[in-house]
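**Q** Features from Swiss-Prot:
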- 30-338: domain 'PPM-type phosphatase' (DOMAIN)
- ASP64, ASP269, ASP329: Mn(2+) 2 binding site (BINDING)
- ASP64, GLY65: Mn(2+) 1 binding site (BINDING)
Amino acid sequence: MMARWCVGWPAAARGGRDELTWQAELTAHAAGEFSMAAAQANAVMEDQAQVMASPGATLVGVYDGHGGPDASRFLRSRLFPLIHEFAAERGGAVDADVIRKAFLAADEEYLQLLRWSLPNMSRAAASGSCCLLGAISGDTLYVANAGDSRAVLGRRAAAGQTVAERLSTEHNVASEEVRRELAALHPDDGEVVVHARGAWRVKGIIQVARAIGDVYLKTPEFKRDPAVQRLCSAAAAVELARPVVTAEPSIHARKLKAGVDLFVVFASDGLWEHLSDEAAVQLVSKSSTRRGVAARLVQAALGEAARKREVRRGDLRRIERGVRRHFHDDITAVVVFLDLDDDGGRRARRRGRVVDSSSSSCSNTPLDVYSLYNSTA
């Protein structure tokens, strides 16, 4: 099964002397190479990411958790296997329908897991996760998103320069468009989005309108659980006529063009709150080597976070996990290079199964960066 391919992680390197950073410098995939990196800010890492490479396809997942690590860790273990299951029903081909079914099935599985496990998993009932998926199948790239992680393409423009093109749709209620959409879906609820603690929030609690998990915003049965109320006191006041958060992803498909579509940056919002789309694309395109490029993105974001708080980057390294969350969020970045040939993809003609158990490999970020380097933690 695919689940066993997605355990562990490739040989890691500390990001400088910072025990809260990690990277996998460069690894091959079906249509090129990829680089991964992460930086931990929370007491327990809430971001997760993974890349599965097989001869016929490449899958990229970035899962930005909130309210604890449970939902993002669940996605790390279940999303790729679900894609495999639904793709197998269609002869092995991945497409938008397969991806949508996998998102919704993952959300339902998480809900059922909690129903079976309460009160032992009450902490997990307060957890949710944004979910960003990239799937390269032949010469087509699918990008699916629920939440506010982001995928940005580095594309060669007519004049030869590399420009940024955003590929994902975000669902953060900081956007007036997202707030209007949510209000239209809930015309009888004047408090479906409120401004609380300095930001717009769904029911005054979370900032995203789409996510996996956050079950207390989808069904009233969990808000009544005493343990859930202890973990998320605001849940007790939530009145639900219907779910106010959904796992429905926004999905975009793109035919890849050789020599034009160069690379894609997949990252959690911890990166994007400090780097613009254009800044990230320029950093990647101007790097002298691909090796370690994701770590350079993460370091650039950390440098900007330090600058905003008027501290030196070296001082930021000495701030412990948990406390560091006051300076930046967990940050995860995956840079996927697209080495395409003239007919659309180095292996575009291989349109067999999405995955092959004999030749697939899966790379993950660590469950917890601090614990990776501190085995007694």
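Note: Cβ is positioned from N, Cα and C throughout, glycine not excepted.
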**Q** Should GLY65 (Mn(2+) 1 binding site) be counted as helix, strand, or coil on the basis of DSSP?
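**A** In three-state terms, GLY65 (Mn(2+) 1 binding site) counts as strand.
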**Q** What is the interatomic distance between the Cα atoms of GLY65 (Mn(2+) 1 binding site) and ASP329 (Mn(2+) 2 binding site), given in whole Å?
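**A** Approximately 11 Å lies between the Cα of GLY65 (Mn(2+) 1 binding site) and that of ASP329 (Mn(2+) 2 binding site).
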**Q** So how many other Cβ atoms are close to ASP64 (Mn(2+) 2 binding site), meaning within 10 Å of its Cβ?
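**A** Excluding its own Cβ, ASP64 (Mn(2+) 2 binding site) sees 30 Cβ atoms within 10 Å.
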**Q** Across all the protein chains here, work out how many other Cβ atoms are within 10 Å of the Cβ of ASP269 (Mn(2+) 2 binding site).
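**A** A 10 Å sphere around the Cβ of ASP269 (Mn(2+) 2 binding site) contains 24 other Cβ atoms.
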**Q** Same-chain residues six or more away whose CB lies under 8 A from the CB of ASP329 (Mn(2+) 2 binding site)?
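**A** Looking at Cβ-Cβ distances below 8 Å from ASP329 (Mn(2+) 2 binding site), excluding near sequence neighbours, one finds ALA41, ASN42, SER268, ASP269, GLY270, GLU273.
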**Q** On the 0 to 100 pLDDT scale, where does the domain 'PPM-type phosphatase' (30-338) sit on average?
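**A** When the pLDDT values over the domain 'PPM-type phosphatase' (30-338) are averaged, the result is 93.
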**Q** Taking the centroid of the Cβ atoms of ASP64, ASP269, ASP329 (Mn(2+) 2 site), which other same-chain residues have Cβ within 8 Å of it?
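**A** Surrounding the site, in chain order, are ASP47, CYS130, ASP148, SER149, SER268, GLY270, LEU271, TRP272, GLU273, ASP330, ILE331.
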